[in-house]
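The transmembrane segment annotation in TrEMBL covers 7-28, 75-94, 100-122, 134-159, 165-183, 218-234, 255-275, 287-308, 320-338, 344-363, 384-403, 415-436 (among others). Under the heading domain 'Major facilitator superfamily (MFS) profile', TrEMBL lists 9-444.
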Amino acid sequence: MQKKQSILTITIVLVGYFIILVDTSLVFTCSKEISSSLQMTASLAAWISNAYALTFGSLLLLGGKLGDIFGRRKIFIIGLIIFGISSGLVGLSPTAGLLILFRAIQGIGAAIIAPATLAIIMDSFKGNDRVVAISIYGAMSGIGVSLGLIVGAGITTILSWRWGFFVNIPIVIILIILSLNFLQKGTIQHEKIDLNGSIFSCLALIFIINGISGIGSHLISLTIGFLLLVYFIYHEYKSDKPILPLALFGSMKRNLAYIIRFTYSSAITSFWFFTPLMLQSNFHLDPIMVGISFLPMTIFNFISANLVSDLTKKIGSIKLMTGGLIITTIGFGGLTLYQMGSNYWLSIALPMITIGIGQGLVLSPVTNIAVEDTPENLSGVSSSMINVMLQIGGAFGLAILSATSNLLNPQNLAFHYQAQGIMLFSLIALIFSLVLRFKFKKYEN
């Protein structure tokens, strides 16, 4: 692939991935304004995020498989069209019900875009170029969400929360034009969609995410979800053309990477959710100042992420990821020292800097470990699994820590205990990373 083509390819897919990540976190800083504008109750406002996460997480496997069958470029463009139109409709929504509906449709577009972006990278780059491209892609996972907080806060304060969604439309149009002209069509697998597998995988993930997000009855939803999951696995075992080939889980290294992505997502998503709320309530910051308060993390995340490619060549993905998790866990540990009246720079900004450095060193390596040995015919579903772990892990962490926080009295201690829970999830990810490190020490060397 020529240099110009390579630059355009990585730019197109990264911007596509970036906008769906921004829309994941954008609502964290503008949900209060949306609720006020549309007269939403607190429980209804939770659906601003939940509707997006529910369809995004549950349809990822199907989105990845569609890319394998019909071609990555075509599916990527279809995902962009769905995402762009629904973004405009979210911004125009006159009622809470319509906004939630269009957020769910937006999640469908995101579920198609996300696996296609990583699969396009895997198809388009080989050898060291692929390592570099995946490193940049992994870094975008952290930077995109962090910038989403800042972008959401800035647009909400200067213009309106509606423009946070309208801004996606011109970006999507440009991406579609560039995709048609510069993205390779990619290979197409002439096979039928595993319709039963698709339905049961979607339903299982919907009920599981629904249950761990605390929407409705936890136990009933989780029970139905896990029963559907068991049947789905049995169906995939028997199927000739499964939507989720069980051969994908034949690698212990890949499985450990999935677990690390899950537990790390539990930590970092909870951090992104609870920290803005704490800054608004305890430091009395408006949305734009909340966004600005995340700049220390975002800046150092960007700096460390830019070092990942060179560091990976020198010490390998596993060592780098383990080091990043150690740094991140220390940062989360620093947040546990926060108390009411604490100084922002020492109690919040300093841990944020540490978390930003660590996150920049974690996300690219864990993505690379999860996909590096994946056969070409499994690249779409492998890409989907990374994002499934992100969505389910994040929902799991939020559900556990939210339920715990609601039991606390007095409430001013909530963030202290939330930070402890966040650190615990990060520590679990670190433990699995150490298992991976010692299990594959010879391989890494």
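The backbone N, Cα and C atoms fix where each Cβ goes, glycine too.
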Contact call for the transmembrane segment (7-28) and the transmembrane segment (165-183): at least 3 Cβ pairs under 8 Å, seq gap 6+: yes
Close approaches to the transmembrane segment (344-363) from elsewhere in its chain (Cβ under 8 angstroms; 6 or more beyond its ends): 138-139, 141-142, 146, 264, 268, 271, 275, 279, 283, 293-294, 296-308, 311, 320-321, 323-335, 337-338
Candidates 134-159, 218-234, 255-275, 287-308; stretch with most C-beta pairs under 8 Å toward the transmembrane segment (384-403): 255-275
Two-stretch contact, the transmembrane segment (165-183) and the transmembrane segment (75-94), at least three Cβ pairs under 8 Å: yes
Cβ contacts the transmembrane segment (134-159)/the transmembrane segment (287-308), at least three under 8 Å, sequence gap 6 or more: yes
